[in-house]
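So that we are looking at the same thing, I have put the structure below in structure tokens.
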Amino acid sequence: MWKGNSPGGNQGVAMEEELGGQGNWGLEDAPGLLAMASLPIMSTWPLPLVSSAFTLLLGALTSLFLWYCYYLGSQDLQALAVGGQAGGVRGGPGGCSEVGRPSPGSSGEPGEGPRAEGLVSRRLRAYARRYSWAGMGRVRRAAQGGPGPGGGPGVLGIQRPGLLFLPNLPSVPFVPRDAQRHDVELLESSFPAILRDFGAVSWDFSGTTPLPRGWSPPLAPGCYQLLLYQAGRCQPNNCRRCPGAYRALRGLRSFMSANSFGNAGFSVLLPGARLEGRCGPTNARVRCHLGLKIPLGCELVVGGEPQCWAEGHCLLVDDSFLHTVAHNGSPEDGPRVVFIVDLWHPNVAGAERQALDFVFAPDP
């Protein structure tokens, strides 16, 4: 026999009274005892009150979500508006680089103006949804943080990429040749073929005749170029006219051939011409200069460090540093001619390259 003393004493008493007020129960009382034991010990809240509280909570969460969506949308619209005032995808402040024809106020390369930060971030999010955020830490900070550390200039104020500053990337004005040994050696071994190609497309550069087919309007007085790749897009007619140079480009491992930062072609600087105070659009690339014709009096100063080209040899330049190009020779010396190719910076990882190719894909 069992006496109904338990922590819920009152319930035990009630059970006793309902079962006849007896303290001793038999087997015949088992059904009633089980039914009483199944009753809840604590009373529940009224159902209307629970329903109202849940409705209020759901409404608050919905309002918070809608506000967050509005906030993100307004941020993107503000960024796009600022980008449009600065010239949209193509326009914006900054100097121009030597290869790639700049639009007014652009950073130097077609399709390389300061794209609005919101647009870059949206494209990066689209890439992450399709692939992954793995290895995207630096690219994500670059998309959110502006053109330099903290939105300001780079190293000591002499490195000022106009569009994309990839943080924690080793930065020196002149990159060692060993950093891109394969591509440097391939271009230098192709020097005779590339020089022959230039001879086939060159002209007198007097400026008194219309530009020959394939040559771009001058970046500045005395500065001409013929591009095989322009802002990541192949120029088929020019490539067919320069088979040796095109074959060399196809053999490179780190050529930016699918990115609007990527250019390749011949750059001609006449005696007396000068390009100064310029910065490239990003520190994620290295610009390779293969000297073809280098008269006396030519100079290249990058980040305050002077260098000179040599015929048949390559210089690797980080053109996100402030740089100046000049031909101080006499008219009898003839033009300075280099073949310029944009390569990936050796410390940009493969996943980062793929993401930047997606975000900065060439304009259709």
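Quick reminder: no glycine exception, Cβ is built from N, Cα and C everywhere.
Annotated compositional bias 'Low complexity' per TrEMBL: 98-109, in sequence order. Residues or ranges marked as domain 'Aspartyl/asparaginy/proline hydroxylase' by TrEMBL: 225-346. What TrEMBL lists as region 'Disordered' is 91-117. Taken from TrEMBL, the feature transmembrane segment covers 49-70.
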Work out, from DSSP, the number of helix, strand and coil residues along the domain 'Aspartyl/asparaginy/proline hydroxylase' (225-346).
17 helix, 57 strand, 48 coil
Grab the pLDDT values for the domain 'Aspartyl/asparaginy/proline hydroxylase' (225-346) and give me their mean, rounded.
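Mean per-residue confidence for the domain 'Aspartyl/asparaginy/proline hydroxylase' (225-346): 95 out of 100.
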